[in-house]
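Q: One structure, as structure tokens, below. Some questions next.
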Amino acid sequence: MEVTFFGTSAGLPTKERNTQAIALNLEPYSNSIWLFDVGEGTQHQILHHAIKLGKVTHIFITHMHGDHIFGLPGLLSSRSFQGGEQKPLTLVGPKGIKAYVEMSMNLSESHLNYPITYIEIDDHLTYHHDGFTVEAHLLNHGIPSYGYRVMAPETTGTINVEALKNIGLEPGPKYQEVKSHDTFEHNGQVYQSKDFRGESKQGPVVAIFGDTKPCSNERVISRDADVMVHEATYIDGEKHLANNYHHSHIEDVFALIKEANVKRTLITHLSNRYNTEDINEIYQTLIQNEDTPNFNFVKDFDSFKI
């Protein structure tokens, strides 16, 4: 799996950063791309990358603020002409996302050549697709804002070839049955497949947050995550300024990393008050502290393997 950032600014774009958009490549589990938020200009950002809109099967919106959704109508329209013809799309988001899209399409007389399934979240959501489980939980941002916990499928353990040979089963097509089924039959006897496989491995967990001030659901979403994507609109100064506007301060994120046992954190949604030089200087200062957890300030077009 791989996460790519097409927009990392907060509120407004800058000369260096677009508004919010994240792509999650599900390979090798699925040949699909999921988008999280579609800020203004997202489709233009995607043109500079190998990702194709036709491979986007799901879009998850964290909340209805403009820097997270103003690029959605244009991207949906372009998908009709960029490999998305007749390919269904699932759009998940807060209440109102369906009305927003349909009104935009109707008023602009735009017509899509593929179906959209809308899933509007109330308080929380559990969604299953292609072996993935996605949980959405409400955050604290003044308007409904959600964080998504994406859990990849479990990977089946490696076939124990010697154990299978011991029962007279030589390598061949039957091995695929052992790998993919709970039981298999050989020479008239039924065997439990798990007795001939190594331990299964849980797939990675990715936590992707919408805008929020600290709240209890953050720990539910990020618990033991392999990768967490979190906003830090304020990366210096007083914490109360961030919380007054229902946003997170860098110190809030660091506390969450430690409480939730997060392995790696990618910090986005940086205020446009910070330029690249500011961000680099603040990063160097922060990592001098031995208590600083593992994190990166991300920039547009950064990609990270999961």
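Even glycines carry a Cβ here, placed using N, Cα and C.
What Swiss-Prot shows for this protein is this:
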- H63, H65, H141, D211: Zn(2+) 1 binding site (BINDING)
- D67, H68, D211, H269: Zn(2+) 2 binding site (BINDING)
- D67: active site, proton acceptor (ACT_SITE)
Q: Within a 10 Å radius of its Cβ, which of these binding-site residues (D67, D211) has the fewest neighbouring Cβ atoms?
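A: Comparing Cβ neighbour counts within 10 Å for the binding-site residues D67, D211 gives D67.
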Q: Out of H65, H68, which of these binding-site residues shows the lowest number of other CB atoms within 10 Å of its CB?
A: H65
Q: Between the Cα atoms of H141 (Zn(2+) 1 binding site) and D67 (Zn(2+) 2 binding site), find the distance and write it as a whole number of Å.
A: 14
Q: Residues near the Zn(2+) 1 site, H63, H65, H141, D211 excluded, by Cβ within 8 Å of the Cβ center?
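A: So the additional residues around the site are T62, M64, H68, L139, G142, I143, S145, G210, T212, H246.
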Q: For each of the binding-site residues (H63, H141, H269), count the other CB atoms lying within 10 A of its CB, then report the residue with the highest count.
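A: Most Cβ neighbours within 10 Å: H269.
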Q: Using the CB centroid of D67, H68, D211, H269 as the Zn(2+) 2 site centre, which other residues of the same chain sit with their CB within 8 A?
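A: Other same-chain residues near the Zn(2+) 2 site: A10, G11, T19, Q20, D37, G39, T62, H63, H65, G210, E231.
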Q: In the three-state scheme derived from DSSP, which category covers D67 (Zn(2+) 2 binding site)?
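A: DSSP call for D67 (Zn(2+) 2 binding site): helix.
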Q: Between H65 (Zn(2+) 1 binding site) and H269 (Zn(2+) 2 binding site), find the distance joining the two CA atoms and give it rounded to the nearest Å.
A: 13
